[in-house]
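Contents: one structure, followed by commentary.
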Amino acid sequence: MHRGKGMTFVGDSRIPKRGKFIPPKDYSEYPGKTEAFLPNFLLKEWMVGAVFLIGFLVLTVSEASPLEAEADPTKAGYIPLPDWYFLFLYQLLKYPYAAGDYKVIGIVILPGLAMIALLIAPWLDRGPERRAARRPIATGLMLLSLISIIYLTWESSVSHDWAKSEEQGKIVKKVDIDKSSEGYKIYSSQSCVNCHGENLEGKVGPALVGKNIPAQLVEKVAVNGIPPKMPPNAFKGSDKDLKTLAKFIEKVSKK
Amino acid sequence: MLTKLYDWVDERLDITPMWRDLADHEVPEHVNPAYHFSAFVYCFGGLTFFTIVIQILSGMFLTMYYVPDINNAWDSVFYLQNKVAYGQIVRGMHHWGASLTIVMVFLHTLRVFFTGAYKKPRELNWIVGVLLFFIILGLGFTGYLLPWDMKALFATKVGLQIAASVPFIGNWIEVLLQGSDIVGAQTLARFFAIHVFFLPAALLGLLAAHFIMIRKQGISGPL
C-alpha cells in the first residue's frame with residue numbers, strides 16, 4: 001500500500017487498504033463546457049461575491065439598522081409586529097376562521113400541513129418528470145402557497161399603523177422635570193399623569209416630552225380631547241390652573 | 001519552503017486526495033452563469049452559504065459588545081450602534097444580513113423545487129435543506145428579542161402566546177422558551193443561548209450534511 005509521498009504505515013496501521021484515489025466523476029455525460037471548480041469556477045464566483053459584499057456594505061452604511069426604545073413591559077398599548085418574514089403567519093391569525101375558537105386552524109393545522117408537505121415533497125411528487133410545467137399539481141400548489149404568502153404579507157403591512165408604532169417605539173430622551181413646580185403639581189393631581197406618565201414619557205397615552213407642544217394646544221386638548229383615546233374634559237379645575245399647566249407642558253416638551 | 005511543509009504534512013496524513021476531491025470536481029455547463037446567464041438561479045445556494053458566513057462572523061463580533069441581561073442588553077446595543085467605531089456596520093451586517101439570508105434561502109428552495117431537483121436520489125438532501133430553513137427561521141425569531149427594545153419584547157410576547165395556544169404541548173413549549181411566568185430576564189438568557197449556541201450548532205451540522213451529500217451525488221443534471 002502506497003499513498004501520498006512515499007507513505008508507509010508500519011506495524012498496526014489501522015488505515016484500511018483501498019484502491020487508488022478515484023477522481024470525482026466528470027460531467028462528460030452532459031455535453032458542453034464543464035470547468036474545474038478550483039480555480040476556474042471559484043475565481044468567478046469570488047468576484048461576484050465581492051460585488052455582492054460591497055453592495056451589502058453600502059446598504060449597512062447608508063441605512064442604520066433600527067433600534068427602538070428600551071423594552072418597557074408596562075406600556076401595554078404598544079402595537080406588536082413580528083419581523084417581516086413572519087407577517088404572513090401573524091396575519092393569518094386575524095381572520096375569523098383561523099382565530100378565536102378556530103385558532104387551532106391558524107396556529108397548528110395550516111402551518112403544520114404546509115411544513116409537513118414541504119418536508120415530504122419528494123414523496124408527494126414521485127413522478128420522474130422534473131420540468132415544472134409537466135407536473136402541474138406540484139407547481140400549482142407551490143404557486144398557490146407563494147401567492148398566499150405574498151398576499152398575507154401585503155395585507156398585514158397595509159393594515160399596520162406604521163406611523164403610530166414608530167411613535168410608540170421612539171427613543172425618548174430623559175428630560176429633567178422640576179417636580180416641585182406649580183405646573184407639575186397640577187399635572188400630577190389631574191388625570192394627565194395616569195396616561196402620560198410620571199415623567200411625561202408616555203404610558204397608555206403618547207409621550208409629551210420632545211414634541212414642542214404649544215400652550216394653546218394643551219389648553220384645547222385638555223378640554224376637547226382627541227378622539228378616540230383622549231377623553232374630553234380630562235382637565236377639571238380653574239382656568240388659571242389650566243394656563244399654568246399649559247405653560248409647564250410647553251416648557252418641558254421643548255426639544 | 002511551502003512545498004517542503006506541504007510534503008511533510010502530506011507524508012503523514014495523505015492530504016492530497018482530500019483537497020483534490022474538493023478542487024477537481026467539475027462544474028457542469030448548465031449551472032455556470034458564465035455560459036448561460038439564466039443559470040444564475042443555481043447561485044442562490046452558494047449565496048445563502050455566503051450570507052450565513054456573514055451572519056456567523058458579524059455575530060461573533062456582536063458578542064464582543066452585547067450583554068445578554070435585561071438591564072444592559074439594550075444599552076449595550078445602543079452603545080455599539082452609536083458610540084463604537086464602525087459599530088453601525090457590524091450591527092447592520094447582522095440585522096440586514098438576517099433578512100438577506102431568509103430571502104436567499106427562500107429563493108434557493110424555490111429553485112430546487114421548480115427544477116425538480118429534490119427527486120430521487122436527492123430526497124434526503126431536500127429534507128436536510130427544509131430543516132435548515134426551519135432552523136434559520138428559528139434563528140430569526142430568537143434573534144429578534146435580543147436587542148431588548150419595544151418591538152422585540154412585544155413581538156416575542158405575541159410569539160410565545162401563539163406557541164402557548166398550541167394544543168397539548170403549548171404550555172410546555174412556553175415554559176421551555178420563556179423560562180418563567182413572564183417574558184423577562186430568563187427569557188432573554190434562554191433566547192440568547194438558543195440563538196448563539198443551540199441553533200448554530202444544529203445549523204453547522206446540517207450544513208455539513210448538506211454539502212457532503214451534494215459532493216456525493218453531484219448537481220442534478222440539466223432539465
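Backbone N, Cα and C atoms are what each Cβ position is placed from, and that goes for glycine too.
The model shown is predicted, which means the values in this text are computed figures rather than measured ones.
According to TrEMBL, the feature domain 'Cytochrome b/b6 N-terminal region profile' maps to B:5-223.
Sequence annotations record features per position, and here TrEMBL assigns transmembrane segment to B:39-67 (among others).
Here the transmembrane segment (B:96-114) has long-range neighbours at 41-42, 44-45, 47-48, 51-52, 54-55, 58, 126, 129-130, 132-133, 136-137, 139-140, 143, meaning same-chain residues at least 6 beyond its ends whose C-beta is under 8 angstroms from one of its own. Here TrEMBL flags B:96-114 (among others) as transmembrane segment.
Residues of the same chain lying 6 or more positions beyond the ends of the transmembrane segment (B:126-146) and with a Cβ under 8 Å from any Cβ of it are 55, 66, 68, 73, 77, 98, 101-102, 105-106, 108-109, 112, 118, 152-153, 155-156, 159, 187-188, 191-192, 194-195, 199-200, 202-203, 206-207, 209-210, 213. Under the heading transmembrane segment, TrEMBL lists B:126-146 (among others).
If you look up TrEMBL, you'll see B:158-177 (among others) marked as transmembrane segment. Non-local neighbours of the transmembrane segment (B:158-177) in the same chain are 141, 183, 187, 190-191, 194; each lies 6+ residues outside the stretch with a CB under 8 Å from one of its CB atoms.
Sequence-distant contacts of the transmembrane segment (B:189-213) (same chain, six or more residues past either end, CB-CB distance under 8 Å): 49, 52, 56, 59, 63, 68-69, 122, 124-125, 128-129, 131-132, 135-136, 138-139, 142-143, 145-146, 156, 177-179. TrEMBL lists B:189-213 (among others) with the feature transmembrane segment.
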PLDDT averaged over every residue in the domain 'Cytochrome b/b6 N-terminal region profile' (B:5-223): 93
